[in-house]
Amino acid sequence: MATKFLALACIRSDSYGHLSPRPHYPSMPKYPQGEETAESSKAKAVAVFSVVGMTCSACAGSVEKAIKRLPGIHEAAVDVLNNKAQVLFYPTFVNEERIRETIEDVGFEATLIEDEASEKSIQVCRIRINGMTSTSCSSAVEEALQAIQGVQNAQVALATEEAEIHYDPNIVGYNQLMETIEHTGFEALLISTGEDMSKIHLQVDGIRTDHSMRMIENSLQALPGVQGINMDPQVKKFSLSYKSDMTGPRNFIRVIESTGSGRFKARIFPEGGGGRESFKQEEIKQYYRSFMWSLIFTIPVFLTSMVFMYIPGIKHGLDTKVVNMLTIGELIRWVLSTPVQFIIGKRFYTGSYKALHHGSANMDVLIALGTNAAYFYSVYSVLRAATSSDFMGTDFFETSSMLISFILLGKYLEILAKGKTSEAIAKLMDLAPETATLLTLDDEGNVIREEEVDSRLIQKNDVIKIIPGAKVASDGYVLWGQSHVNESMITGEARPVAKRKGDTVIGGTLNENGVLHIKATKVGSESALSQIVRLVESAQMAKAPVQKFADRISKFFVPLVITLSLSTWFAWFLAGKFHGYPQSWIPSSMDSFQLALQFGISVMVIACPCALGLATPTAVMVGTGVGASQGVLIKGGQALESAHKVNCIVFDKTGTLTVGKPVVVNTKLLKNMVLRDFYELAAATEANSEHPLAKAVVEYAKKFREDEENPIWSEARDFVSVTGHGVKAIVQNKKIMVGNKSLMLDNNIAIPIDAEETLMETEEMAQIGILVSIDGELTGVVAISDPLKPSAREVISILKSMDIQSIMVTGDNWGTAKSIAKEVGIETENVIAEAKPEQKAEKVKDLQASGFTVAMVGDGINDSPALVAADVGMAIGAGTDIAIEAADIVLMKSNLEDVITAIDLSRKTFTRIRLNYIWALGYNLLGIPIAAGVLFPSTRFRLPPWIAGAAMAASSVSVVCCSLLLKNYKRPKKLNNLQIGGIVIE
């Protein structure tokens, strides 16, 4: 789908009024005659026009509106900053020339640009990677992927065990990316190729031969919009990739079941294979099984070496000689520990080989070296006892088997805990309802049939019935009915939102008290829910800069630990050899060599690179998940890290500090006439204008016709729109003008002193005065205001208490800007008025140069340059259009307090990351010396290898659990005291 332009509003002081409209987020696609056909969709085309003469966002809005009124327009976006319009349309219904003429009819010069409709060739591929244990593993895979020609960027996340790769499909294919990962020594499984396609898996019953499979494949392949088909004959599974705006799953089922005389039955393939959750569950089961099996063998080894030796009767039996000095106890321990070492512990050998094969070392290397040292020394001891008549050896079989058991227990608990860090995504995915009620309508729009279907079978333009208490099955808009919908699970908005005909609804939200008929507009991967899931997944992939610290340490951590381990063993061995310590220090069950070996093994297995590697990603995962549940979408670790440093916030005025929707607040009539008649004439004139101030007048006039849902205004003849001044027309045989002071003076209409005074008063109150003349005589002054958001003043006050400076930047005039700033509590010196979008970006850069870490809060469209320039860009009030490229943090509601929530959450998350690093580093810095025997000379305290291994496993689990405490995050109490009420203006 063509990339949308961002409409960047520029506002001039001589424009019509002083308000920039709240940005219009691209609405749902418009299809000709209400239904998009496969043929029209197939012929979709893109055209880019140069549009000369636009001066503000109101101009851009009028061009966009005019284009969208044409039949066959799929989408249109206007970029006022670059004077361009991009249109996605169906050539069957409309052509470039017709679109160009429409733009010129609005009053602007338009020229078709021939070669600007080419789409980007970069795709994003996501691959699951199994077998990574530490940051050295993920770094090795990342480096291998980055080295491939055609790969722009590759990110490998240890916490999610996934890679996200930006690549050029013309140079490299995803198969080559997977081969590279597998060559690095890990299992690669494709999640998505990033193509603009939906995917579905179908199971077909009734297939008996390969010919039947091919027949179904050919039938499906012939459908328009089907991009690819993969078959699995064993389970009778068809995996289809398709364009959702051309076809859908019900079409596939219909085609399959009509093929072969109706003997085939198709249904959606049962879940359980391929999802992240199923892989995670399988991994948890594997570690659980491995741990239980190791326990079955390890417990007898532990009992024979540590417990039964103190029970006289059993001790005598275990000490019975078999061959020379070899005892039954030693033989039992050898037999039982061997399967633990080589069968259950096989994963550590495999992991070590893969890591060393690619020139890196990970935790598996430390475990393999430590357990092998204990096991093979014990084997040497047993064999020597079996061949000698006087050798009294001691084995360490319990060390190797208990080590492996404790490490498996630790990995099992770690994976359980890591699974909880991504619960946010699982909860989001569970929001989609399992079934939906599909309606079939006749030509007049009457319901002729209701049918319950799997919600995954919903296609674009389907009409769905939503009963009270049911979840909305798809993104769309209300065709019939009215209700309140609870959107808290998607936007975080606590109060139910009223919905009536024409209002948009979000899939996964809860219908509360009325029946709704909705038309599906976005299904599958296009839905808001899918976009949020993808955004949160991408955020969890992106590394925070602080993660580089752990990556640097991990490169030399394992070699350093091995060196320390060998040095520890050698130092204790030499000290024992040359009597460097009293003989009484050596436990009765071992000699000086064995004591040195135990110290060396303990150092090797207590060191934990995993805790360091998990410190940042687990906290980022939980933090972004918590944010998503509160309607604050944080795009990864970089945004989190920057947000916690923010000490200056730049607010856009319109749509950010203010509601962004102008409303009439006062009317002063200069002649004796009925107010209703006055607004009848004004509304009839303004109804033809797309300007936001005109809309405010029309909306206010509707209040005088409350009995009509869509009032029809009197005909306006000879309508003329004077750019930057206002409109004029003939209504009810009267010559009406509605506009600013300039419009009146240009048409020689006198402005009385009391009208001049009213205009000055409105400007002082941050309002806009609109003049209305009837038959050449000034009749009334309409005061229009863009009201402040209810929480604006409190939010600015709370930010001051957090030592964050607030600055307001606007395209409005200085009078209005200063008045608004005074109302919210922003000092006059922190106000920038009459600023164009590029000047807003310059101001952000000036603040950064002064040493501030700057956040820009805007609406995501007319503030894009500033959002990009800021250290942290926050797009506020995104609603369902959450894929705002310019912003680092997307605030789904229009509530300003979410700015505080975002900063507070980032600070709490970063505090958690710091705690994780302090624990992970502190653990290693304390644990390694203790394991090396630093306390042994003074206290005789030493750490047996199996306890050291248990401590290592516990350190990883504790870091993950520390991150999981973020799930209890509550927004600042100050925000709970805010009285957030709706704005009602009579």
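Cβ coordinates are placed from backbone N, Cα and C, and glycine is handled just like the others.
Model confidence over the domain 'HMA' (45-111) is summarised by a mean pLDDT of 77. The domain 'HMA' feature in TrEMBL is assigned to 45-111 (among others).
Annotated domain 'HMA' per TrEMBL: 123-189 (among others), in sequence order.
DSSP assignment over the domain 'HMA' (198-264) gives 25 helix, 21 strand, 21 coil. Annotation comment: TrEMBL describes 198-264 (among others) as domain 'HMA'.
The transmembrane segment annotation in TrEMBL covers 290-311 (among others). Remote same-chain residues near the transmembrane segment (290-311) are listed as 318, 329, 332-333, 336-337, 339-340, 344-345, 347, 395, 397-398, 401-402, 404-405, 408-409, 412 (criterion: CB distance under 8 Å, separation of at least six residues from the stretch ends).
Residues 290, 293-294, 297-298, 300-301, 304-305, 318, 322, 364, 367-368, 371-372, 375, 378-379, 382, 395, 397-398, 400-401, 404-405, 407-408 of the same chain, all 6+ positions outside the transmembrane segment (331-349), place their C-beta atoms under 8 angstroms from a C-beta of that stretch. Per TrEMBL, the feature transmembrane segment maps to 331-349 (among others).
The annotation transmembrane segment is assigned in TrEMBL to 361-380 (among others). Sequence-distant contacts of the transmembrane segment (361-380) (same chain, six or more residues past either end, CB-CB distance under 8 Å): 133-134, 136-137, 333-334, 337, 341, 345, 347-352, 355, 395-397, 399-400, 403-404, 407, 558-559, 561-562, 565, 594, 597, 600-601, 604-605, 607-610, 945, 949.
Panel annotation: around the transmembrane segment (400-417), residues 280, 283-284, 287-288, 290-291, 294-295, 297-298, 301-302, 336-337, 340-341, 344-345, 348, 367, 370-372, 374-375, 378, 605, 610, 614, 945-946, 949-950, 952-954, 956-957, 960-961, 964 of the same chain, lying at least six beyond its termini, place a Cβ under 8 Å from a Cβ of the stretch. According to TrEMBL, the feature transmembrane segment maps to 400-417 (among others).
Residues 136, 361-363, 365-366, 369-370, 581, 592-593, 595-597, 599-601, 603-604, 607, 609, 612, 928, 931-933 of the same chain lie 6+ residues outside the transmembrane segment (556-575) yet bring a C-beta within less than 8 angstroms of a C-beta in it. Among the features that TrEMBL reports, transmembrane segment is placed at 556-575 (among others).
What TrEMBL records for 595-615 (among others) is transmembrane segment. Outside the transmembrane segment (595-615) by six or more residues, the chain places 133-136, 138, 158-159, 362-363, 366-367, 369-371, 373-374, 377, 396, 399, 403, 407, 414, 418, 550, 553-554, 557-558, 561-562, 564-566, 568-573, 575-576, 585-587, 913, 916-917, 919-921, 923-924, 927-928, 930-933, 936, 942-945, 948-949, 951-952, 955-956, 958-960, 963 with a CB less than 8 A from a CB of the stretch.
TrEMBL lists 917-937 (among others) with the feature transmembrane segment.
Here TrEMBL flags 943-966 (among others) as transmembrane segment. A Cβ distance under 8 Å defines the sequence-distant neighbours of the transmembrane segment (943-966), meaning residues of its chain 6+ beyond its ends; these are 367, 370, 374, 396, 398-399, 402-403, 406-407, 409-411, 413-414, 417-418, 420-421, 598, 601-603, 605-608, 610-611, 614-615, 618-619, 621-623, 626, 908-909, 912, 915-916, 919-920, 923, 927, 930-931.
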DSSP helix, strand and coil counts for the domain 'HMA' (123-189)?
22 helix, 24 strand, 21 coil
